[in-house]
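Novice: The following feature annotations were taken from TrEMBL:
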ACT_SITE  D60  active site, for OMPdecase activity
ACT_SITE  K62  active site, for OMPdecase activity
ACT_SITE  K62  active site, proton donor
ACT_SITE  D65  active site, for OMPdecase activity
BINDING   D11, K33, 60-69, T117, R179, Q188, 208-209  substrate binding site
DOMAIN    5-224  domain 'Orotidine 5'-phosphate decarboxylase'
Amino acid sequence: MSQTPIIIACDFASRAELEIFLQPFGSEPLFLKIGMELYYKEGNSLVQELKERGYKVFLDLKLHDIPNTVAQALRSLAQLDVEYITVHATGGAAMLKAASEAVQGSKTKLLAVTVLTSISEESLQRDLGVVATLDETVMAYAKMAQDNGIDGVICSPHETAAIRAQAGTEFAIVTPGIRDVNDATDDQARVATPEWALEQGATELVIGRSITGSKQPLATYMNIKERIK
Ligand SMILES: O=c1ccn([C@@H]2O[C@H](COP(=O)(O)O)[C@@H](O)[C@H]2O)c(=O)[nH]1
């Protein structure tokens, strides 16, 4: 099994589109992130099939509700036996604790989304009314997540070194917002290269459109994989 830290964000509209993307990769062992778009269309059967075919799966559903609702949803989702599921840290301490208790006994690890990588500090403060800085906010959410039994966080590479120093080596830090220098940033506000994210202490890198939107997805994936190994 490959040890690459790359997780491919499979933001496709359907199973058919995903299959077209996967075809050139052959038997390459991949870690696939299935998000809302594909999960809402294809459901559990797609996740189960991908697992049966040997892919590692990260189910990025970003659960955010009252503690009981999130816990019940996770009791159901944990039966899928995926590697990671996401919850929003802004659900609060009680929700995070209920979530971590709900997956006890399964192999699934929970990641708390801190501040979405599409949000800038200006937007956080102006639009969401947060008084603290973006770094302070992400650090506080990461600590709340860890204190309540969550296995790791989603943050940008820019907050990663500080979280690594605060949370220690066992805490997972998974970073989207990964772009090569010449890539379009699209809707992401806080981006960095794969190399820099890993230098900061990221455990895994979520890479979507830089690979899935590439003219040669396999070549792009292999290029990044070689560069960071
Ligand atoms: O803060 C977050 C949390 C999750 N994501 C997800 O990661 C990928 C990124 O895709 P790109 O195409 O590489 O921008 C996408 O599936 C998001 O839902 C995130 O970007 N930021």
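Positions of Cβ are set from backbone N, Cα and C atoms, glycine also.
Annotations in TrEMBL come from automatic prediction, not curation.
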Novice: Using DSSP and three states only, what is H64 (substrate binding site)?
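Specialist: DSSP assigns H64 (substrate binding site) to coil.
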Novice: Listed recorded positions are D11, L61, D65, P67, T117, G208; which sit with C-beta under 6 angstroms of ligand 1?
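Specialist: Near the molecule: D11, T117, G208.
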Novice: Out of D60, K62, D65, the active-site residues in the record, which is closest to G208 (substrate binding site) when you go by Cα distance?
Specialist: D60
Novice: Report, as a single number, how many Cβ atoms besides its own are within 10 Å of the Cβ of T117 (substrate binding site).
Specialist: 24
Novice: Check the Cα-Cα distances from D60 (active site, for OMPdecase activity) to the binding-site residues D11, P67, T117 and tell me which is shortest.
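Specialist: Answer for the nearest of the binding-site residues: D11.
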Novice: Using all protein chains in view, find how many other C-beta atoms are within 10 Å of the C-beta of P67 (substrate binding site).
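Specialist: 18, counting other Cβ atoms within 10 Å of P67 (substrate binding site).
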Novice: Tell me, by DSSP, whether D11 (substrate binding site) is helix, strand or coil?
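Specialist: Reduced to three states, the DSSP call for D11 (substrate binding site) is coil.
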Novice: Between D65 (active site, for OMPdecase activity) and D11 (substrate binding site), how many Å separate their Cα atoms?
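Specialist: Approximately 23 Å lies between the Cα of D65 (active site, for OMPdecase activity) and that of D11 (substrate binding site).
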Novice: Taking all residues of the domain 'Orotidine 5'-phosphate decarboxylase' (5-224) together, what is their mean pLDDT?
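Specialist: So the average pLDDT across the domain 'Orotidine 5'-phosphate decarboxylase' (5-224) works out to 98.
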Novice: Is it possible to get the count of other C-beta atoms within 10 angstroms of the C-beta of D65 (active site, for OMPdecase activity)?
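Specialist: Other Cβ atoms within 10 Å of D65 (active site, for OMPdecase activity): 14.
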